[in-house]
């Protein structure tokens with residue numbers, strides 16, 4: 001599969017960005033992954049994006065001092081990182097990104113998400129499933145276009161939930177966090193229910209940046 005690797009920085013964390021050509025994917029490319037039998041029934045596009053994400057993840061692992069071992073697949077389809085490391089993977093279209101860091105004694109995790117910028121029409125359709133009434137009011141009171149703010153919040157919640165998953169070991173809905181502040185480079189989320197070791201009311205400030213036709217958000221816990 002044809003790929004092109006670049007890096008970028010967000011909140012002093014190095015992100016590995018892999019652009020790939022899905023049409024260049026061949027079935028044998030997947031044999032590089034030790035867990036390739038788990039993808040046997042996946043459609044070709046899913047196989048290509050999964051491979052791209054794991055390639056980016058291996059580069060991120062090596063950068064963080066880890067082994068060049070592709071993360072496996074957990075019971076909830078989450079990446080399984082080597083002992084002593086944690087990270088996150090995201091992909092959309094022909095783009096995959098990954099970030100990795102070493103873990104310490106305290107809880108440490110990453111969550112990354114790439115969200116193509118929503119159109120104004122799509123933002124209105126998705127808003128009720130992503131935003132609380134308070135969040136909608138905050139957006140309307142701000143000077144940020146609604147579709148951009150919703151893209152930021154949607155992506156930030158995805159990133160935070162990925163970062164919290166290792167502590168919670170289950171997926172949860174958008175209603176479990178609300179955006180309480182938006183700036184030119186951050187989104188602050190507040191938990192509306194306890195999740196793992198984090199009580200209701202815990203706040204997390206995530207970095208975000210525009211990238212291509214979308215935005216990237218990063219939760220670094």
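Yeah, the Cβs are placed from backbone N, Cα and C, and that goes for glycine too.
Counting only residues at least six positions away in the same chain, the Cβ atoms of 33, 70, 71, 89 sit under 8 Å from the Cβ of residue 54 (CoA binding site). The annotation CoA binding site is assigned in TrEMBL to 46, 54, 90, 91, 113, 158, 162.
Taking the Cβ of residue 113 (CoA binding site) as reference, residues of its chain lying under 8 Å away and at least six apart in sequence are, in sequence order, 90, 155, 156, 158, 159, 162, 216, 217. DSSP assigns residue 113 (CoA binding site) to a strand segment in the three-state reduction. Look at TrEMBL and you will find 113 tagged as Mg(2+) binding site.
Annotation comment: TrEMBL describes 37-100 as domain '4'-phosphopantetheinyl transferase N-terminal'. In the domain '4'-phosphopantetheinyl transferase N-terminal' (37-100), helix, strand and coil residues by DSSP number 23 helix, 18 strand, 23 coil.
The annotation domain '4'-phosphopantetheinyl transferase' is assigned in TrEMBL to 109-191.
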Counting other CB atoms within 10 A of each CB, which of the binding-site residues 46, 90, 91, 158, 162 comes out lowest?
46
Let me make sure I understand the span of the CoA site: among 46, 54, 90, 91, 113, 158, 162, what is the greatest distance between any two Cα atoms, in Å?
19
